[in-house]
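The structure follows.
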Amino acid sequence: MFHGSMVALVTPMHPDGALDWEGLRRLVDFHIENGTDAIVTVGTTGESPTLEVKEHIRVIREVVDQAQGRLPVIAGTGANSTREAEELTRAALEAGADACLLVVPYYNRPTQEGLYLHFKAIAEAVPIPQILYNVPTRTACDLLPETVARLADISNIVGIKEATEDIARGRQILELCGDKLDLYSGEDSAAMEYMLIGGRGTISVTANVAPKAVHEMCTVALQGNRKAAEAINTRLCPLYAALFSEVNPIPVKWALYEMGLIAQGIRLPLTVLSERYHELLRQALRQEQILQ
């Protein structure tokens, strides 16, 4: 249903933490102009944990309104409360989002049966395409491939963002689910391999700052052209590393500030990128000719 380079969009903020609506609209246009295939808003990179519910919903609406159908908009609507996730997913549907991204419930660490019933309840309650999001390093809870296969039988669960670097797990999901569910990488460093084994794209942090390059890498990888994909991927590796020098989205927001696209705002408990990483990130941006 969705494919290619899907940017995990940051949520621009002013230095005092207020949301920067002009900056958000500017980013949407930047991605449309530079070949991004879809926008994923208010996910991990979009700082959803520190947004108020009304802010969360308004960000979705602003992105949808600015996109004007020029590319798909996927809204992060996951929560560790099933009821809250249903409410956010319904709000995203009403706002005009094309699909929703639902993270595995964090902190309360449900069983596999609890995970199955959680996602099943949301899918049955809200008729919008839904993409599962497994990121065990953040949630302390792992959605196993066997549970993904059960969920793939639900018609509006259409994909999974697998944020691990485990290529064998990606293959297992594809084998268990077949064409019932699309696989997306949630780790930039593993994205190329995920697509070469049959994944449909990546939900990418790096695409925030290098949208053309990530789009080009996805295009050739989806065509099965390993040589061309590896050439771009190898070139991007220093940028992948620099963008995770501190926890995401700290480095990518600083990079976008350096590029002149957003203000230097981030909400506590996250903080602005430590000065010791500034030159590392500048060098990676210069190497990709993003900065002069």
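Backbone N, Cα and C atoms are what each Cβ position is placed from, and that goes for glycine too.
A quick note: this is a predicted structure, and the numbers were derived from the prediction, not measured.
Relevant sequence annotations retrieved from Swiss-Prot are reproduced here:
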type     : residues      : note
SITE     : Thr44         : site 'Part of a proton relay during catalysis'
BINDING  : Thr45, Ile203 : pyruvate binding site
SITE     : Tyr107        : site 'Part of a proton relay during catalysis'
ACT_SITE : Tyr133        : active site, proton donor/acceptor
ACT_SITE : Lys161        : active site, schiff-base intermediate with substrate
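Distances, neighbours, how buried they are, the whole picture for these features please.
Neighbour density for Thr44 (site 'Part of a proton relay during catalysis'): within 10 A of its CB lie 24 other CB atoms from the protein chains shown.
The Cβ of Ile203 (pyruvate binding site) has 31 neighbouring Cβ atoms from other residues within 10 Å, across all protein chains displayed.
For Tyr107 (site 'Part of a proton relay during catalysis'), the same-chain residues that are 6 or more apart in sequence and have a Cβ closer than 8 Å to its Cβ are Asn80, Thr139, Ala140.
Neighbour count (other Cβ atoms within 10 Å of the Cβ, all protein chains): 26 for Tyr133 (active site, proton donor/acceptor). When secondary structure is read from DSSP and collapsed to three states, Tyr133 (active site, proton donor/acceptor) falls in the strand class.
Cβ neighbour count for Lys161 (active site, schiff-base intermediate with substrate): 27 (other Cβ atoms within 10 Å of its Cβ, all protein chains included).
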If you draw a 10 Å sphere on the Cβ of Thr45 (pyruvate binding site), how many other Cβ atoms land inside?
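A 10 Å sphere around the Cβ of Thr45 (pyruvate binding site) contains 23 other Cβ atoms.
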According to DSSP, which kind of secondary structure is Lys161 (active site, schiff-base intermediate with substrate) found in, if we only use helix, strand and coil?
strand
Could you measure between Lys161 (active site, schiff-base intermediate with substrate) and Tyr133 (active site, proton donor/acceptor) for me? Cα positions, answer in whole angstrom.
5
